[in-house]
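Attaching a single structure in structure tokens format; questions to follow.
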Amino acid sequence: MTTPATLPTENLPTGKLIDGKAFAATLRAQIAVDVAALKASHGVQPGLAVVLVGEDPASQIYVRNKAKQTVECGMKSVEHKLSADTPEADLLALIDTLNADPTIHGILVQLPVPKHIDADKIIAAIRPDKDVDGFHPMNAGLLATGGKALVPCTPLGCSLLLKDHLGDLSGKHAVVIGRSNIVGKPMAQLLLQESCTVTVAHSRTKDLPAVCREADIVVAAVGRPEMVKGDWLKPGAVVIDVGINRIALPDGKSKVVGDVDFASAAPVASAITPVPGGVGPMTIACLLKNTLTACQRSVGL
Ligand SMILES: Nc1nc(=O)c2c([nH]1)NC[C@@H]1CN(c3ccc(C(=O)N[C@@H](CCC(=O)O)C(=O)O)cc3)C=[N+]21
């Protein structure tokens, strides 16, 4: 049972909060307009297929949120729920079917998959032009070399928030904490494309707080609840908190917190994303943006 997420945003000076929830809503509204235009001009409706293997409760929440928002912006939403003991071969066969389905433009297999299934094999089986997670090696390579990639949703969402808030990022020193294939590494690539000076920090980085203090922009994507403290920040730094950590509360309930200790970081930062209500909603909005992009490209736009 989750306590109502008390947004830690009471009495924050205006302009401090990077409101990802509001930005995501604006983005989804624009996507809905573009979807209607695509239907009118090319008679095609973007289709997103989401595959969930197993019964993980958090994943079921995200999948439900995704499906609702997919339909709300006028796209076709298809869900495949497979049991946790589904053989890898069966999942691969389903992906082949979705790859070949002309009404499906985006395919997402919810991670993590059960241990008996090789996630890398699953990701590599999705047609790169339908890989709306942007995890496929082809898309990772295109991103790294400045090609026409599908970009992972969370880093794309963070980049849109930063550009909206700061305008030109060139020359800014960005520190990305975390080097995962799905957030840290693509995030670094996107910041490089914006001509930031990029440092990628991780668990082996020496004196991480000192490295963080050099940053004009900090993107925290480590999966460690409230690890980044206010005294790790240069006064005025912009903080993007990718963390979505569910922690237990003394009363037996739970709440979602980020990788940044919001209470100590908000007074030092010039702007900061809250958790919830920051990067999470942008992840879903960018999934829809990627599905629209994949559909547009499929008709030559
Ligand atoms: N192939 C794949 N692609 C994914 O993109 C993917 C995935 N697997 N597996 C799981 C993670 C997690 N994820 C989230 C998306 C939105 C919120 C979100 O909208 N969170 C809200 C509410 C959080 C809450 O209250 O639980 C917020 O941060 O405001 C959270 C988590 C996508 N994931």
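From the backbone N, Cα and C atoms, a Cβ is placed for every residue, glycine too.
What TrEMBL records for this protein is below:
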type    : residues               : note
DOMAIN  : 18-133                 : domain 'Tetrahydrofolate dehydrogenase/cyclohydrolase catalytic'
DOMAIN  : 152-297                : domain 'Tetrahydrofolate dehydrogenase/cyclohydrolase NAD(P)-binding'
BINDING : G178, R179, S180, I244 : NADP(+) binding site
Of G178, R179, S180, the binding-site residues listed, which put a C-beta under 6 Å from ligand 1? Please answer none if none do.
none
When DSSP states are folded down to helix, strand and coil, where does S180 (NADP(+) binding site) land?
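The three-state answer is coil.
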Given a separation of at least six residues and a C-beta threshold under 8 Å, show me what packs close to I244 (NADP(+) binding site) in the same chain.
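Listed in sequence order: V256, G258, V275, P276, V279, G280.
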Using only the Cα atoms of G178, R179, S180, I244, which the record gives as binding NADP(+), return the largest interatomic distance in Å, rounded to a whole number.
16
For the domain 'Tetrahydrofolate dehydrogenase/cyclohydrolase catalytic' (18-133), what's the model's average pLDDT?
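Summarising the domain 'Tetrahydrofolate dehydrogenase/cyclohydrolase catalytic' (18-133) by its mean pLDDT gives 97.
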Can you tell me how the residues of the domain 'Tetrahydrofolate dehydrogenase/cyclohydrolase catalytic' (18-133) break down into helix, strand and coil by DSSP?
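Each residue of the domain 'Tetrahydrofolate dehydrogenase/cyclohydrolase catalytic' (18-133) counted once, the result is 62 helix, 19 strand, 35 coil.
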Does anything in the same chain, at least 6 positions from R179 (NADP(+) binding site), have a Cβ under 8 Å from its Cβ, and if so what?
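R179 (NADP(+) binding site) has long-range Cβ partners K185, A188, V200, H202.
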For each of G178, S180, count the other CB atoms within 10 A of its CB; which of these binding-site residues has the top count?
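Answer returned by the neighbour count: G178.
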